[in-house]
């Protein structure tokens, strides 16, 4: 198996009391977490987010990105829905790791955008791997997702892995003066849909 289930516990948060499920990735030893709320194994599409770790945004309140605000918005949305899943993947810096992310930030301080910085360091613009998502969702009995993301490439990547994405739910939040170039680059070079004109996209049944 690509991932091994370790344990589950309660996780009280300001938004709701989630169940926290821990997994270890067999090939790398990375530890991943899934938060779930309500009955997600009833066969109906589940509101969910696949969120890659961002220490600076999620824990240190960085305004260089929109990651922390997206994480909070996703947890709030799941709590409001009363049902959902959040996959928290340990793929810092779109897969390049924390120290390389800081190196990329240094290049961005000198004028590079987020894609150019990755490429100057010898990395692809996005090095994340979503193959581990399917077995974690299968463990929880999730058959279909209403995926909170602005990234159509993420939808395609998950679909290519055999995950049924019934709908893309936009997640527009966290814009500020410090991340305007970052968000513009995600839209222009990484294909993210950042505008309000795309309210939702329903995929094939």
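Every residue gets a Cβ built from N, Cα and C, even glycine.
The DSSP secondary structure for residue 49 (GTP binding site) is strand. The feature GTP binding site is assigned by Swiss-Prot to 49, 50, 51, 52, 53, 70, 92, 93, 94, 114, 149, 154, with sequence analysis given as support.
The Zn(2+) binding site annotation in Swiss-Prot covers 54, 65, 67. Neighbour density for residue 65 (Zn(2+) binding site): within 10 A of its CB lie 20 other CB atoms from the protein chains shown.
The annotation active site, proton acceptor is assigned in Swiss-Prot to 126 on the grounds of sequence analysis. When secondary structure is read from DSSP and collapsed to three states, residue 126 (active site, proton acceptor) falls in the coil class.
Look at Swiss-Prot and you will find 128 tagged as active site, nucleophile, backed by sequence analysis. On its own chain, residue 128 (active site, nucleophile) has 52, 89, 91, 94, 95 as residues at least 6 apart in sequence with a Cβ closer than 8 Å to its own Cβ.
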Message: Around the Zn(2+) site formed by 54, 65, 67, which additional residues qualify by having Cβ within 8 Å of the site's Cβ center?
response: 56, 57, 58, 62, 64, 66, 68, 70
Query: Which has the fewest other Cβ atoms within 10 Å: 49, 94, the binding-site residues listed?
result: 94
- prompt: Of the recorded positions 65, 67, 126, which sits closest to residue 53 (GTP binding site) by Cα distance?
  reply: 67
